[in-house]
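Presented below is the structure to which this report refers.
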Ligand code: BES
Ligand code: MN
Ligand code: ZN
């Protein structure tokens, strides 16, 4: 269920031309405008800083040779060149960084994607050094962090289930060295340690998402999260189906009752040493281990991707492990409701009225809107335990993908907190966009018989993502600032690998959640 190994990461400050590695990665910029057009093939390409000693070893012919091989410096482009003894490494790999930035170094996300693309392309090479452009000043933290994360995430591969070794499949890079001005610098070392904790969490959440849904059902998912959390020193509480029924978790019980694999609610607690800053954060993640739609069954085509419907819970659980390692000065509790949404003789049905954990009654209209049922309970429980901020994340609606696409999450909730999520997402390269909670969308969810309908009673798909947010608001108490992060698009990558994204689970929004917790620890 877990990847075969981790990627080792360390810093070096010796001359990249003399490093005994299998490949050395340098950056190249594309050059536009007059200069590029008039100075021949090589004129379209510009070496990024960090590549100086490599370029010197090639007698000034490096740019020209890379251009001959087709390099343009476009983002994500990877061109490999045999060094034939000019430098110690047998291979130089040029990764495109796009146009040269006006500032000192490319944006962190550009570096993160470039490092990821290079490490992915170098699968088969055991040891790789990255000599990418980093600002010279000591405060190069964001850029160094980005390179380290990109390398660790580009080096991820799901172990998979093949019974025979694959002769054409190259092993992911095992060891990455990052060239920096001062490898002994404490700040730089701290960034590497942080990147290892965070990228390790992202990789684990990818593993959980990529695990086949027959292998990861609510009881086994709960066990996997609980044992990893115990090992990390977190507090763990697991509610099984009997405890959920006794505790009044009507939504989790209803969704889970159609499956022979019973539902769970996992609560993880991180208690800061010395009491923290007095603030409390709650994280909630949707853990539908497989979403068939239930009685309102989904079409067959693409249904297999619904093994990723626990990406929110995977991100929250994994983020808690990173938090346990990073030790921020704020109390954090996590709630992971888990269920398998199946059609059967015991399934909940359209027309059912369910009493939720906070006492509100919900009229079910579509059993495929199951996420909000389990999340409503978990969010109400988080509020009952007491919290100042509540961040919830889920693969909640196809409407999110329609409106914002595959890379940009949708955020709904308390406006100031939504803005904070956007800022955190931008900082870590997991973009998210604030969306409204319109009154007329709530009006469309009035039920004839219960307090609220689970979806628009007319089965109107208009504002589908917003219906999810409006519904979840019913389960948050007024004293809690909250944000719902819909990751239906960015949680799972079904296209070809790109940058540091491999196929399958992406680990979004692990890095945003960690950033938000650190933000609350620092700024309250
Ligand atoms: N898990 C799905 C949402 C989803 C769709 C995630 C595509 C990732 C990719 C969710 O449970 C669902 O089925 N949503 C329905 C809700 C509808 C029936 C009210 C949807 O969005 O169509
Ligand atoms: Mn569904
Ligand atoms: Zn779902």
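Every residue gets a Cβ built from N, Cα and C, even glycine.
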Legend entry - Annotated companion of 368, 370 at the Mn(2+) 1 site, TrEMBL, chosen from 291, 448, 451: 291
Inset, instruction - From 240, 309, 352, 419, grab the residue that TrEMBL records in the same Mn(2+) 2 site as 286, 291, 370. - result: 309
Inset, instruction - Enumerate in sequence order the recorded positions 286, 368, 372 whose Cβ-atom distance to ligand 2 is under 6 angstroms. - result: 368
Legend entry - pLDDT averaged over every residue in the domain 'Cytosol aminopeptidase' (366-373): 98
Inset, instruction - Counting other Cβ atoms within 10 Å, pick out the least crowded of the recorded positions 286, 298, 372. - result: 298
Legend entry - DSSP-derived helix, strand and coil totals, residue by residue, for the domain 'Cytosol aminopeptidase' (366-373): 3 helix, 0 strand, 5 coil
Inset, instruction - Consider only the recorded positions 286, 298, 368, 372: which of them have a Cβ under 6 Å from an atom of ligand 1? Write none if no residue does. - result: 368
Inset, instruction - Determine, to the nearest whole angstrom, how far the Cα atom of residue 286 (Mn(2+) 2 binding site) is from the Cα atom of residue 372 (active site). - result: 8
Legend entry - Annotated recorded positions 298, 309, 372, filtered by Cβ under 6 Å to ligand 3: 309
